[in-house]
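J.: If you look up TrEMBL, you'll see 21-38, 44-62, 93-114, 120-135, 147-166, 178-197, 279-300 marked as transmembrane segment.
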Amino acid sequence: MTTQSVNQADRKLWLAAIKPPMYSVAIMPMVVGSAIAYAETGQFDSGIFALFLLAAVLILAWENLSNDVFDSETGIDVNKAHSVVNLTRNRRLVFALANLCLGLGIAGIVAIALAQQDPTVLAIVLLCCGLGYMYQGPPFRLGYQGLGEVLCFFSFGPLAMGAAYYSQTQSWSWGSQMAGVMVGLTTTLVLFCSHFHQVDDDIAAGKRSPIVRLGTKRGAALIPWTCGLVFAIAALGLLLGLFPIWTALVFGSLLSAWRLSRHVTRYHDQPQRVFNAKFFAIGFHSWSGVLLSLGFWLSAYGG
Ligand SMILES: C/C(=C\COP(=O)(O)OP(=O)(O)O)CCC[C@H](C)CCC[C@H](C)CCCC(C)C
Ligand SMILES: O=C(O)C1=CC(=O)c2ccccc2C1=O
């Protein structure tokens, strides 16, 4: 191998370890929640929005770095070349970096709480961090029991969306909670799809992921139904008048839902082909989130 191709391989591994596309799961509740706040109340504070966005990204960086640290203790990541711990061979450094990200992220949320003289957003974000810790940290490691999807749904769905909406309005709304259920489901699909290619390593490490429990075929069959549920909630929101008509734009993400369902249905039992299923799920998550936000923003201008 030439030095150039070694550098390229290293770059690829580092990109896979840092997982830039994954950060859309932290950004989306902020974008959708703030768009709904603006559409429903006309309020939008760009400073709070930017600070919350940065804090959410830092908190997700903590979650991912500490995931590599905790997984290095159970042995589940022995074959994962793109684990940051395996790449650096320095678990303490990665753990310190993770905690620095968490500290900075929480500091951002404390700044929001102080500016608003209201601890509500801080309390919700701390709860999300607690759920994030329980997913992977000792003694809980609830992800190993197949409970990660439940934690993921609440953290990135109703809780994160509630916090984002509240940070802009200091109030709650049914519309934002309904959208929170949609974003929670699409984010949970990302986590669910990340397990298909890891069944052997998960079984060896004693991790009973939903795919280990259900099998890849039954797991794959759930995906179109979950996508369908997301669109059914959108239709209900429109029917109930909680979502303005422009939010029908979200049906433009049907194509990405279809591509995700087709990919996993075809390749569920072929690890070397299904390994990228979570990026198909990120596609659906991003398209549905962006189109839903656009619908809310447009409704604020177009009525
Ligand atoms: C780290 C996560 C998944 C990776 O899991 P796994 O170990 O299977 O992956 P590898 O194969 O790559 O090792 C995500 C876990 C999500 C968790 C259940 C909930 C996290 C909550 C966040 C910390 C909260 C963010 C709040 C913010 C948006 C306000
Ligand atoms: O690395 C992963 O597989 C994931 C990382 C991550 O931060 C995340 C967040 C929310 C849902 C799923 C996932 C992952 O799958």
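Counting begins at 1 with the first residue displayed.
Just so you know, glycine gets a Cβ as well, placed from its N, Cα and C.
What's the neighbourhood like for each of these?
T.: Here the transmembrane segment (21-38) has Cβ contacts under 8 Å with residues 44, 49, 52-53, 56-57, 59-60, 64, 156-157, 160-165, 167-169, 173, 175-176, 179-180, 183, 187, 190, 279, 282, 285-286, 289-290, 292-294, 296-297, 300 of the same chain, all six or more residues outside its ends.
Sequence-distant contacts of the transmembrane segment (93-114) (same chain, six or more residues past either end, CB-CB distance under 8 Å): 48, 51-52, 54-59, 61-62, 65-66, 68-69, 84-85, 120-122, 125-126, 129, 167.
Proximity of distant same-chain residues to the transmembrane segment (120-135), defined by a Cβ-Cβ separation under 8 Å and at least 6 residues beyond the stretch ends, is recorded for 52, 55, 59, 62-63, 66-67, 102, 106, 109-110, 112-113, 141-143, 148, 151-152, 154-155, 159-160, 162-163, 166-167, 170.
Long-range neighbours of the transmembrane segment (178-197) within the same chain, counting only residues 6 or more positions beyond its ends whose Cβ lies under 8 Å from a Cβ of the stretch, are 22, 25, 28-29, 32-33, 36, 148-149, 152-154, 156-162, 209-212, 216, 219-220, 222-223, 226-227, 229-230, 233-234, 236-237, 242-243, 250, 260, 264, 268, 271-272, 274-275, 277-278, 280-282, 284-285, 288-289, 292.
Under 8 Å from some Cβ of the transmembrane segment (279-300) lie the Cβ atoms of residues 21-22, 24-25, 28, 31-32, 35-36, 38-39, 42, 179, 182-183, 186-187, 189-190, 192-193, 227, 230, 234, 243-250, 252-253, 255-257, 259-260, 263-264, all in the same chain and six or more residues away from its ends.
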J.: How about long-range neighbours of the transmembrane segment (44-62): same chain, 6 or more residues beyond its ends, C-beta under 8 Å?
T.: 22-23, 25-27, 29-30, 34, 37-38, 98-99, 101-102, 104-109, 111-112, 115-116, 121, 125, 128-129, 132, 160, 163-164, 167-168
